[in-house]
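Notes follow the structure.
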Amino acid sequence: MKLAILSRNSKLYSTRRLVEVARMRGHTVRILDPLRCYMRIVVGDFSMHYKGKPIDGYHAVIPRIGVSVTHYATAVLRQFELMGTYSPNPSDAILRSRDKLRAHQLLAAQGIDMPMTVFGDNPDDTQDLLSMLGPPPHVVKLNEGAQGKGVILSEKNSASRGLVEALRGLYANFLVQEFISEADSADLRCFVVGNQVVATMRRQAADGDFRSNLHLGGSATAATASEEEQEVAVRSAHALGLTVAGVDLIRSRRGPLVLEVNPTPGLEGIEATSGTNVAIKIVHHVEEMLATICSSNICQP
């Protein structure tokens with residue numbers, strides 16, 4: 001298999017692990033910076049160049065796309081798709097998951113439970129918007145934030161109103177959610193590959209914080225997700241069109257609640273904590289999907 005990995009940084013742990021495992025499996029692998037890919041769009045002739053040379057002949061591409069380059073990098077991924085290259089996470093699926101509002105709407109439509117969420121635009125509606133949510137504490141989230149950045153806990157209604165008005169003044173898109181106190185500032189990261197959860201870790205927020213992201217000083221321990229939690233995680237990934245995803249859940253009195261579905265979850269924390277070789281699970285999944293495609297006589301390139 002000729003495999004491309006879309007990544008801006010070849011030194012990142014996740015990128016290095018995927019390259020290492022794929023080469024160990026006998027595949028030809030190349031890391032491509034999506035911002036150095038440029039494309040020609042012509043009826044019947046989708047093509048792409050990278051640093052002055054044509055890109056062609058790739059059987060699969062694994063996207064490791066950062067939030068800041070989502071728009072351009074998904075256009076590059078879409079061009080790969082139009083050229084007949086398989087991706088475990090298609091461009092449209094990444095766009096769905098990166099837009100928190102859209103993702104929440106799609107998940108709720110599939111009967112997947114989440115913290116109650118409200119969204120609005122006009123400042124005149126702020127008070128009624130918050131009343132739809134219920135009493136504080138409230139969690140205010142930027143619509144396109146990542147790694148816990150742009151997530152604020154508001155413990156008073158007046159503070160929530162002030163935050164909402166300030167963010168609107170900055171023309172920022174955001175959601176406001178109920179705060180689930182019984183989660184005790186912890187969540188589960190369920191790593192989905194294909195139709196199963198291949199690894200799980202429990203993340204606990206640092207003292208004085210409520211965000212459990214490891215990038216913000218949270219800690220992680222090995223965990224086992226219940227059958228219900230695994231089912232919810234897989235359904236959440238598939239509802240957005242993803243086959244590789246990090247699904248973040250919290251445990252509540254009404255069952256598991258989905259916080260977020262990450263289309264490019266990091267491998268370092270989950271592999272170190274769970275002891276699972278997640279990278280090889282991803283490469284195996286790509287191999288299996290390509291075999292299925294080829295057996296259907298539509299194998300490209």
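Just so it is clear, glycine is given a Cβ too, placed from its N, Cα and C backbone atoms.
As annotated by Swiss-Prot, domain 'ATP-grasp' applies to 104-287. If you look up Swiss-Prot, you'll see Lys141, Glu178, Phe179, Asp187, Arg211, Ser212, Asn213 marked as ATP binding site, on the strength of sequence analysis. The Mg(2+) 1 binding site annotation in Swiss-Prot covers Asp248, Glu260 and is backed by sequence analysis. Swiss-Prot lists Asp248, Glu260 with the feature Mn(2+) 1 binding site. Taken from Swiss-Prot, the feature Mn(2+) 2 binding site covers Glu260, Asn262, and the record attributes it to sequence analysis. Among the features that Swiss-Prot reports, Mg(2+) 2 binding site is placed at Glu260, Asn262.
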By Cα-Cα distance, the member of binding-site residues Asp248, Glu260, Asn262 nearest Lys141 (ATP binding site): Glu260
Binding-site residues (Phe179, Asn262), the one with most neighbouring Cβ atoms at 10 Å: Asn262
Under 8 Å by Cβ from Asp248 (Mg(2+) 1 binding site), counting only residues of that chain that are 6 or more apart: Asp187, Leu188, Arg189, Cys190, Val258, Leu259, Glu260, Val261, Asn262
Cβ packing number for Lys141 (ATP binding site), 10 Å threshold: 22
Binding-site residues (Glu178, Asp187, Glu260), the one with most neighbouring Cβ atoms at 10 Å: Asp187
DSSP-derived structure type at Asp187 (ATP binding site), helix or strand or else coil: strand
